[in-house]
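Per TrEMBL, the feature active site, 4-aspartylphosphate intermediate maps to ASP430. Per TrEMBL, ATP binding site is recorded for ASP430, LYS431, THR432, GLU545, PHE592, LYS615, ARG649, THR730, GLY731, ASP732, ARG841, LYS847, ASN870, ASP871. Feature annotation from TrEMBL assigns Mg(2+) binding site to ASP430, THR432, ASP867, ASP871. Per TrEMBL, domain 'P-type ATPase N-terminal' is recorded for 41-107. Feature annotation from TrEMBL assigns domain 'P-type ATPase C-terminal' to 893-1143. Summarising the annotation, TrEMBL assigns transmembrane segment to 83-101, 304-325, 361-382, 928-945, 957-977, 1007-1025, 1045-1068, 1075-1094, 1114-1134.
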Amino acid sequence: MTKCRGRRRLHLSNIYAFKGRKSSFQDDHSNIGGPGFSRVVYCNDPNSPAAERRNYAGNYVRSTKYTLASFIPKSLFEQFRRVANFYFLVTGILSLTPLSPYGAVSALLPLGFVIAVSMVKEAIEDWGRKKQDIEMNNRKVKVHDGNGIFRQEEWRNLKVGDIVRVEKDEFFPADLLLLSSSYEDSICYVETMNLDGETNLKVKQGLEATSSALHEDSDFKELKAVVRCEDPNADLYTYVGTLHLEEQRLPLSIQQLLLRDSKLRNTEYIYGAVVFTGHDTKVIQNSTDPPSKRSRIERKMDKIIYLMFGVVFLMSFIGSIVFGIETREDRVRNGGRTERWYLRPDDADIFFDPDRALMAAFFHFFTAVMLYSYFIPISLYVSIEIVKVLQSVFINNDILMYYEENDKPAHARTSNLNEELGMVDTILSDKTGTLTCNSMEFIKCSIAGTAYGRGITEVERSMAMRSNGSSLAGEDLDVVVDRSGPKIKGFNFEDERVMKGNWVKQRDAAVLQKFFRLLAVCHTAIPETDEATGAVSYEAESPDEAAFVVAAREFGFEFFSRTQNGISFRELDLASGKTVERVYRLLNVLEFNSARKRMSVIVRDEDGKLLLLSKGADNVMFERLAKNGRNFEEKTREHVNEYADAGLRTLILAYREVDENEYIEFSKNFNEAKNSVTADRESLIDEITERMERDLILLGATAVEDKLQNGVPDCIDKLAQAGIKIWVLTGDKMETAINIGFACSLLRQEMKQIIINLETPHIKALEKAGEKDAIEQASRESVVKQMEEGKALLTASSSASSHEAFALIIDGKSLTYALEDDFKKMFLDLATGCASVICCRSSPKQKALVTRLVKSGTGKTTLAIGDGANDVGMLQEADIGVGISGVEGMQAVMSSDIAIAQFRYLERLLLVHGHWCYSRISSMICYFFYKNITFGVTVFLYEAYTSFSAQPAYNDWFLSLFNVFFSSLPVIALGVFDQDVSARYSYKFPLLYQEGVQNLLFSWKRIIGWMFNGVFTALAIFFLCKESLKHQIYNPNGKTAGREILGGTMYTCVVWVVNLQMALAISYFTWVQHIVIWGSVAFWYIFLMIYGAIAPSFSTDAYKVFIEALAPAPSYWLTTLFVMFFALIPYFVFKSVQMRFFPGYHQMIQWIRYEGHSNDPEFVEMVRQRSIRPTTVGFTARRAASVRRSGRFHDQLNKNFIAF
């Protein structure tokens, strides 16, 4: 039997004001048993007949797309949904009829091969998901077996009603009702990182009725209870139910529900009853299938396929008409004798019979559709899929996008959007955790009106640059601060006046002591001491709180223990000068929430004094100060404003002594309110704490920094030079977002800021009056007016041909009205005319709506990047969703298309991999259609030459294997390895990226150009081969060339020309390209010999055609050589003229590299200046704007451009 360790005798419920022991019955509890509230859970009796009749879902979870039974039918359906594959299936079926111009096997085998490869790819991807499912479902948890014994059981075998025991740092296997924990009052700490991306801990608490009776394993032997609650739903933040236990009916709330995939932290163990399993759990109810995303190139490729279908059907239709006319007039023209006697029309059922010309034309149409099917590249889709998977492998294994600190490589979760990475027009980014680290560092503080902290934040550094080098951080910044990064997590403070115990020498040492004590005591953190080293670490409910406790420790006030009676910490005694241990008795904690914006603790010190210690936002704390507690208010306000300007998060610290009688009255009222079960319980508690938190004495203020991630300004600068627009969508307040914008160069000094908010006196007055309709109407009118004024500024600037840059900054309230159907077009026009856009106080829904508006309104590719659950909607709405995988298991990463560990890796992902993928896929598709048009037109010309008699120019297997073996591998190698410009030059000349944004490499002009190249190549091959073999004696026996000779020669020329064309098109040769190009040509000759050696019953007219006819004839080799030269000359001349006189941007860079200008800094800078426009953001644009203001910019740019 599993023995239970002793319970931690901590009544932590004493320290929480708003998470009390007793839940109250709310209005929703009256719905129990009705629709939507019908779930009944028989706790500790999951196998009872009543429970089994409920037939609830098991705990087995499946995320795979297929099952063993559904794989073949479902996968086949997915393959034949593609119109090209369905077309080849139809032609394959028709090949079984007498209408077929070739054998059925040669038509169906390549199709089967292509479909099989695609299905294998699907199976491999799904097997990866299956392995994740197996790992998840086979995790172990302790389950009660009914005899007071808990045994290990796999997650998948859990049933509704099972009692489980989860231990520290384990995940919850299902949604559990918390019954008891290792703490006597059933408190437990839960990490919900997998649900909302937050690393701070949440507090849950079981009911007193269960925690008082269920202490250890054996107590569950006789447990009988029934839970009646809501049905499965996706709401993570509410839960309504009742627990029927020993004639008691107890209300249940979200406070008692432990959600699947959350982790138990700082708690030795908990016992819970399973209420929701498997796909009924709230986390899986929230998981939606990601939207189906297809790249713009793939959608355009479908249009080309449809175009080719149209061409095939048109050619078949015209050919059938011509064939019908030829057939009908055949006898007439020859006085009753057929001219095409060799076709044996007199022996034909329908074909070639002049008396049945109409039916012959009708059937010829179907034959021609089959014959011209080679215009459609059968291997195009599967080749592109293979290429994209291999491209994803390169992305995943790029060492330059590997974050060693967290062991996080880049991870392309889907390969469908690789080329879309090279076409991004707008990036919509979250701020906290994406641009910033979401790791708070204590950097400054103000105590007794004196500012401490020598460090300079990123924002201060940026502000100093904006002020022409003058510092904004005070006069003490001449101290050299270590810039190598904080040595202690959460602490980046440097000031010799207070460090290393020097605070005791300060004039206000007593105030400093109270300030540091408050940091060490006023919190809910849990200490953990390393038994080996004695080092103390902390688990806190928020990163800010952890930073405060660490800061207190570094100042000499080390919190090291929390007991039932209070908090223990070590400090330097002012009288003795020695470190002493102090214990404060903790009486109450009035915790922080978004409404209160403050937290307080009530403690009794060693002298018996009652103290209220409080910290909170400045707007709620200053108004609670006593008249005699405002000694440092003016200075503190100044410092707080400076800290806010520096992008720091601030809190005000204050305290007061509490009278004994006052506390007795408070405690009585407070406990009564906590134990109340009425609906107004929370408001009662709020009212009582409000009366306590007053007449405070100000101590000072703290400032913590959520630092920019490394490389963010550089990355933004490069992306801006690439012409990519960057929007920031954040939940932070406007001032913080603006300052972060300056720090990362999204904003600069000379930019005109268009600020849209609802902070007008008129609206404030309406808000005080509480007139909702009037407020809404006035707010809407105000937002529209501000947008119109902003648009007028843009229009005036544009008409004046000035180079002013504008930034749009809008808050969440205003955004609500700006996104309404009547005004969203105006908002989008205004936003797209600005260099930077920052949306503050944005809700998750607003982020998604803004992303949708940009995507649909501009018609350009959008990329959203974020790190938290609040960014999921935005990531799924954008064309490409990028998740920051700094912390494992975040929901943003699970919903993203690509995961990277740091924002700075976006630069390489887009400018290098994105451009390469776009360039490769574009060239690959163009080349695919080129080679198929070349091949298809030769087939068409030969059939026209034979009066559309449906005779193929080539042997059946020659037709079938062209796309699969003789031309596909080189194009796959192109898609994987080609580089028009190296990574180094992609960084050096970021404007190269605009080739993808403007879709220059896959424009209709380029596509049709490649098609015409294919038509010309086919004309050259057919007519040169036909004319060269027409009248000559082909062998010593005096025989002229027949169809097999002409077909073999034409086919050889096609194989050579399309592969040489590939060699000319490639920019970056590797040994792989050499092998596949020359190997494809060599394989053609090898195949011709092997196939020709097979019996004539199989090889038909290819029997020994190479050995006996082609190879011995010099004309065969001479014709091949001449055709190759003639067919490729036009492309070579065109590219030479284009490269010399009309180069694209990538060709310009190739010239720079070729002519050796890459190491000439002036020449390189001149070319780069083309990407720096007045409306660009980034520090390079800011530097250019400074030069522009000096009047030197345009003269120098014009001079350089003329020289170029």
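Glycine residues also receive a Cβ, built from the backbone N, Cα and C atoms like all the rest.
Note that TrEMBL annotation is computational and uncurated.
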Per Cβ pairs under 8 Å, the stretch of 361-382, 928-945, 1045-1068, 1075-1094, 1114-1134 packing most closely against the transmembrane segment (957-977): 1075-1094
When distances run from the Cα of ARG649 (ATP binding site) to each of the recorded positions ASP430, ASP867, ASP871, the nearest one: ASP430
Candidates 304-325, 1007-1025, 1045-1068, 1075-1094, 1114-1134; stretch with most C-beta pairs under 8 Å toward the transmembrane segment (361-382): 304-325
Secondary structure content, the domain 'P-type ATPase N-terminal' (41-107) (per DSSP, counts of residues): 32 helix, 3 strand, 32 coil
Lowest local Cβ density among THR432, ASN870, which the record lists as binding-site residues, within 10 Å: THR432
Close approaches to the transmembrane segment (1114-1134) from elsewhere in its chain (Cβ under 8 angstroms; 6 or more beyond its ends): 1013, 1016-1017, 1020-1021, 1024-1025, 1028-1029, 1032, 1034, 1049, 1052-1053, 1056-1057, 1060-1061, 1064
Mean of pLDDT values spanning the domain 'P-type ATPase N-terminal' (41-107): 83
ARG841 (ATP binding site) to ASP430 (active site, 4-aspartylphosphate intermediate) - Cα separation in whole Å: 11
Lowest local Cβ density (other Cβ within 10 Å) among recorded positions: ASP430, ASP871: ASP430
Remote residues contacting the transmembrane segment (304-325) - C-beta distance under 8 A, at least 6 residues beyond either end: 83-84, 87, 357-358, 360-362, 364-365, 368-369, 372-373, 375-376, 925, 929, 940, 943-944, 947-950, 1007
Spatially closest candidate among ASP430, ASP867, ASP871, the listed recorded positions, to GLY731 (ATP binding site) (Cα to Cα): ASP430
Cα separation, ASP867 (Mg(2+) binding site) to ASP430 (active site, 4-aspartylphosphate intermediate) (Å, whole number): 8
All-chain count of other Cβ atoms within 10 Å of ARG841 (ATP binding site): 18
Winner by Cβ contact number (other Cβ atoms within 10 Å) across the binding-site residues PHE592, ARG649, GLY731, ASP867: ASP867
Spatial separation of ASP867 (Mg(2+) binding site) from THR432 (ATP binding site) - C-alpha basis, Å: 8
Whole-number Å value for how far PHE592 (ATP binding site) lies from ASP867 (Mg(2+) binding site) (Cα to Cα): 24
